[in-house]
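Visitor: The domain 'Phosphagen kinase N-terminal' feature in Swiss-Prot is assigned to 11-98; the stated evidence is sequence analysis. The feature domain 'Phosphagen kinase C-terminal' is assigned by Swiss-Prot to 125-367. Residues annotated as ATP binding site in Swiss-Prot: 128-132, HIS191, ARG236, ARG292, 320-325, ASP335. Annotated phosphoserine per Swiss-Prot: SER164, SER178, SER199, SER372, in sequence order. Under the heading phosphothreonine, Swiss-Prot lists THR166, THR180, THR313, THR322.
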Amino acid sequence: MPFGNTHNKYKLNFKAEEEYPDLSKHNNHMAKALTLEIYKKLRDKETPSGFTLDDVIQTGVDNPGHPFIMTVGCVAGDEESYVVFKDLFDPIIQDRHGGYKPTDKHKTDLNHENLKGGDDLDPNYVLSSRVRTGRSIKGYTLPPHCSRGERRAVEKLSVEALNSLTGEFKGKYYPLKSMTEQEQQQLIDDHFLFDKPVSPLLLASGMARDWPDARGIWHNDNKSFLVWVNEEDHLRVISMEKGGNMKEVFRRFCVGLQKIEEIFKKAGHPFMWNEHLGYVLTCPSNLGTGLRGGVHVKLAHLSKHPKFEEILTRLRLQKRGTGGVDTAAVGSVFDVSNADRLGSSEVEQVQLVVDGVKLMVEMEKKLEKGQSIDDMIPAQK
């Protein structure tokens with residue numbers, strides 16, 4: 001596995017020019033931002049836990065680009081990475097998050113009552129609704145860098161916290177290594193569990209080391225509230241259900257997440273957060289809220305409309321295939337979610353999804369009847 005920063009000192013025997021990666025064929029945010037000057041300036045630096053510039057960029061060097069989406073091409077190994085390597089991370093964050101400046105402040109709003117509507121998305125079109133976020137536990141390094149012992153400590157802490165939840169959140173933890181192949185595959189097929197670590201982005205960044213040690217899934221009894229432990233982030237918190245009631249999904253998400261955060265705080269392990277980056281996560285694309293509010297929505301006609309991409313962009317939404325980031329749409333069903341993470345709040349981001357999906361379903365219905373939607377094309381939000 002292409003990973004290991006053990007010989008950083010040895011690399012300094014070579015000139016920066018000799019070590020600088022060839023990024024001429026690359027299409028990711030890191031490749032755009034990493035000049036030779038920045039490489040020279042940062043290559044001998046490391047965070048207190050020993051994460052280096054080459055560790056930050058390796059995944060983007062090994063994965064030049066993705067056909068559908070502009071990938072970020074770098075990861076953080078710990079909370080300090082964003083400070084020590086800010087000369088690289090700042091331009092990447094600015095580029096990825098619509099001009100978000102190093103002086104900007106992020107805002108958080110997890111009061112679900114501030115969401116307007118969302119309980120009336122047409123279930124004939126909106127097949128399922130889901131909101132997820134990531135959280136990192138202060139005092140531990142992140143998945144690209146953590147040791148086995150550290151990863152197991154994160155798992156132990158998380159399971160103790162999650163097992164103390166009650167009521168609608170009462171549930172159970174299922175460690176990956178005690179699952180059979182069949183059980184695992186079933187959970188993946190049902191969209192409950194993260195995939196096996198075949199993604200080159202996971203592999204090249206070192207996040208899949210020691211797999212499946214100390215990874216698992218915790219979920220409540222009716223599988224509407226789930227927590228992944230030690231995949232790309234320490235925790236991924238997910239609220240989901242069939243149909244179009246995003247209001248209820250978001251309520252459960254906010255309430256459950258705040259309960260978990262409270263338990264971790266009491267145990268002396270708050271989540272990583274600062275007022276500039278919001279919640280600190282492994283991938284710079286998730287900074288801020290870490291939130292992706294998405295629906296599986298059937299858009300047989302709209303998806304063939306020449307303005308489909310433009311409509312999504314104007315609504316500040318993005319689409320993925322039915323099975324997630326690397327997949328195609330099956331039966332005109334798309335995974336549509338908020339494009340923004342940083343600089344706007346959780347409520348604002350889910351509001352964009354609710355309002356935007358509602359509009360797109362109305363457009364779809366008009367197109368079914370053979371009517372024009374030109375007068376419905378939204379302005380840029």
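Yeah, the Cβs are placed from backbone N, Cα and C, and that goes for glycine too.
From a predicted model like this one, the values you see are computed outputs, not experimental measurements.
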Visitor: Give me the count of other Cβ atoms within 10 A of the Cβ belonging to ARG236 (ATP binding site).
Guide: 22
Visitor: For the C-alpha pair, I'd like the distance in angstrom between THR313 (phosphothreonine) and THR180 (phosphothreonine), rounded off.
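Guide: On Cα coordinates alone, these residues lie 42 Å apart.
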Visitor: Quick one: DSSP breakdown of the domain 'Phosphagen kinase N-terminal' (11-98) into helix, strand and coil?
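Guide: Helix, strand, coil within the domain 'Phosphagen kinase N-terminal' (11-98): 42 helix, 4 strand, 42 coil.
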Visitor: By a simple count, how many Cβ atoms lie within 10 Å of the Cβ of ARG320 (ATP binding site), its own Cβ left out?
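Guide: For ARG320 (ATP binding site), the count of other Cβ atoms within 10 Å is 20.
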Visitor: Would you find the one among the modified residues THR166, SER178, THR180, SER199 whose Cβ has the most company, meaning other Cβ atoms within 10 Å?
Guide: SER199
Visitor: Give the distance between the Cα atoms of THR166 (phosphothreonine) and ARG320 (ATP binding site), rounded to the nearest whole Å.
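Guide: THR166 (phosphothreonine) to ARG320 (ATP binding site), Cα-Cα distance: 34 Å.
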Visitor: Kindly assign THR313 (phosphothreonine) to one of the three DSSP-derived states: helix, strand or coil.
Guide: helix
Visitor: Helix, strand or coil: which one is SER178 (phosphoserine) in, per DSSP?
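Guide: Its secondary structure by DSSP: helix.
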Visitor: Provide the three-state secondary structure of SER128 (ATP binding site) computed with DSSP.
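Guide: Once the DSSP labels are grouped into three classes, SER128 (ATP binding site) ends up as strand.
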